[in-house]
Amino acid sequence: MDESCPLLDVQAGHRQKLCGSNYPLSIAFIVVNEFCERFSYYGMRAVLTLYFLSFFHWDENLSTAVYHAFSALCYFTPVIGAIMADSWLGKYKTIIYLSIVYVVGHLIKSVGAIPSLGNQAVHVILSMVGLFLIALGTGGIKPCVSAFGGDQFEEEHTSERNKFFSIFYLSINAGSLISTFVTPVLRGDVKCFGEDCYALAFGVPAALMVLALVVFIAGSGLYRKTPPQGNVLLEVCKCIGFAIKNRLKNRSPQIPKRDHWLDWASEKYSKQLIGEVKMVTRVLFLFIPLPMFWALFDQQGSRWTLQATKMNADFGIYVLQPDQMQFLNPLLILVFIPIFDLGLYPLINMCKFNFTPIRKMATGMILAGMAFGLAAVVEVKINENDMPRLVPEESLIRVLNLAKNPVRVTIQDQDLFQQPVEAFQNPVEYSKLILNGEEQSLRFTLQHQGLSLDFNYTVKEKSVYSLIVFEADGSLSSRLITDLEAKPENGLAAVRFINGLSEDVNLTIDNKQFIAVQKNYSASEYSLLERDRYNNGKCITEMGEFTLELGLLDFGASYTIVITNVSGGAVKTWKSEDIKSNNVHMAWQLPQYLLISAGEVMFSITGLAFSYSQSPASMKSVLQAGWLLTVAVGNTLVLVVAQAAPMAQWAEFVLFTVLLFAVCIIFSIMGYFYVSVDPEDLEEKEEKRETSSRGNMISLVTKKTKL
């Protein structure tokens with residue numbers, strides 16, 4: 001080792017430093033630990049909604065509710081971690097013990113995602129236990145790690161400590177950015193157990209959390225470990241509780257009133273603590289409207305991801321996974337912070353506009369509301385391509401004419417299909433059947449080359465059908481088959497086959513899907529496939545093995561493929577698109593991500609800086625707890641709306657937009673009447689007021705004695 005580089009300063013009273021600087025060597029371990037932990041958390045959370053939807057087969061509302069319940073728990077548990085660290089174990093041991101809980105939760109979650117392990121109930125139980133432990137771990141260490149990093153610096157190294165927090169914040173966003181891009185790839189592009197590999201998508205974050213714990217323990221001998229010094233949050237809660245209790249006890253009009261309701265705690269608590277609590281409660285009062293912003297912001301991982309599953313994700317050179325769009329937020333945050341700090345804010349100041357922190361936060365709310373307004377517009381455009389909504393005593397039907405000549409179709413008591421259906425004519429859309437009950441037997445009349453044939457079929461309400469018309473043994477025949485009622489989920493393509501040959505066939509698609517279809521226009525069940533071009537399929541008949549080319553099976557589409565004949569060593573097919581593919585491109589989500597990310601910079605970073613500037617140094621941890629609780633409450637609001645008031649998705653987006661705009665107005669009014677203060681000046685005034693009061697009391701006593 002180069003002796004000129006003071007990496008290991010072993011002089012008394014000094015700690016090991018990074019080469020040529022005042023940075024403790026221990027912070028390198030803390031920064032790497034934070035990067036790995038954030039990769040672990042955000043990577044796991046990125047695929048969570050689709051895991052509920054496709055692995056558990058829960059509906060969108062339940063998947064959204066459980067996702068936000070987990071997110072809320074992650075922001076309630078920091079209070080537990082802070083109390084453990086400050087009142088019992090200290091920051092170092094709290095981080096170690098809760099990180100172990102964190103790792104165990106990840107491992108249980110990963111095991112629960114193995115399809116062959118038990119039934120649905122086992123998977124759900126393992127996943128919920130794993131998520132609870134993860135929430136306890138990630139939330140519990142959240143208030144400890146950054147503070148523990150700050151403890152490593154000497155008091156005189158303030159600038160180094162501030163730069164450390166910048167690097168620390170960068171490591172959080174770097175971990176989030178990389179993981180939200182990588183883990184969806186592990187889920188969707190890697191296949192295991194014959195389906196999306198959720199076990200791997202959860203296993204890699206688990207491995208990163210193990211690495212985070214190992215790295216943190218490796219630096220154990222370098223850390224400065226401060227002992228527990230009591231939890232100020234508990235003191236504040238006790239002070240407030242005692243003030244309220246004492247005020248309720250002394251409601252008699254004969255008892256003199258006090259200047260402030262917190263002054264009723266003066267019998268037990270010091271004037272200094274009461275004064276500091278007064279400062280904190282002023283800021284916490286401003287926090288009341290803030291959860292609504294987080295209610296919108298955290299839906300990027302739930303509702304916006306579900307929206308992306310119904311869109312076209314082909315960007316030409318790369319096909320994005322729907323849950324990969326979340327990586328835009330940390331990427332845009334890293335881009336917007338220097339643009340806002342070095343460009344936008346100075347420009348606004350040059351225009352002589354007083355862009356106060358309250359106004360910045362209100363602007364952030366407006367931007368988030370606008371983002372959800374755009375999301376609602378995108379959702380409406382997506383819905384235009386959906387199947388018609390099925391209602392009682394109605395069904396949908398179309399005709400596939402696989403005969404050689406046009407056929408006129410007449411249905412009993414229905415006024416449909418005015419024109420003859422041409423041979424192999426692609427149906428434009430489904431027609432509506434009006435029934436007289438839950439089901440009805442209808443007579444279908446087929447007119448073909450001067451002949452008229454009748455067929456009777458029972459039709460059920462709220463169902464979708466295709467009438468297959470074909471020639472068999474020299475005469476016209478038909479089958480009524482059931483179609484899909486809605487688009488395939490998660491951007492998959494659905495395909496089924498009709499075998500027009502006079503012999504049974506076995507079909508292989510992409511060397512994985514094996515489908516047997518009986519002869520004489522029998523239809524297979526639908527198979528779900530990833531969006532791709534399938535030109536290397538195999539069709540095995542009694543005559544031999546032939547190539548099967550299906551072409552592009554696109555996002556969210558449903559296809560019927562008719563095997564017509566075998567010619568020239570290949571199977572000839574005709575493809576009909578039953579349900580149209582997703583025609584709204586995923587790029588249309590970019591504006592809403594731009595707006596909500598800009599809103600986060602103006603709301604979150606400004607809000608934290610403002611609240612810290614308005615509180616005394618000893619109370620900053622209380623405000624951090626209050627800030628995290630606003631995130632928890634915001635996620636709880638989404639949970640309530642998703643379960644208690646289910647509605648069309650576009651309407652829900654509009655509801656959240658209106659609610660945030662309303663809350664923004666309330667917050668702006670509260671901010672208008674809020675007077676910013678310097679905590680140090682307020683403390684000095686409080687001391688002067690107390691001194692003056694004591695002087696007046698002495699003067700009064702003296703005068704009384706003279707009398």
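Each residue, glycine too, has its Cβ placed from N, Cα and C.
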*Can you say which of 19-39, 166-186, 229-249 is given as transmembrane segment in TrEMBL?*
166-186
*Near the transmembrane segment (327-348), which same-chain residues lie under 8 Å Cβ to Cβ, leaving out any that are not at least 6 residues past its ends?*
42, 170, 173-174, 176-177, 180-181, 300, 355, 590, 593-594, 596-598, 600-602, 605
_Counting CB pairs under 8 Å, which listed stretch among 64-83, 121-145, 279-297 touches the transmembrane segment (360-378) the most?_
279-297
*For the transmembrane segment (64-83), distant same-chain residues with Cβ under 8 A (at least six beyond the ends)*: 41, 45, 48-49, 52, 58, 94, 98, 131-132, 134-136, 138-144, 231, 233-234, 298-299, 301-303, 306, 621, 625, 628-629, 631-633, 635-636, 638-639, 642-643
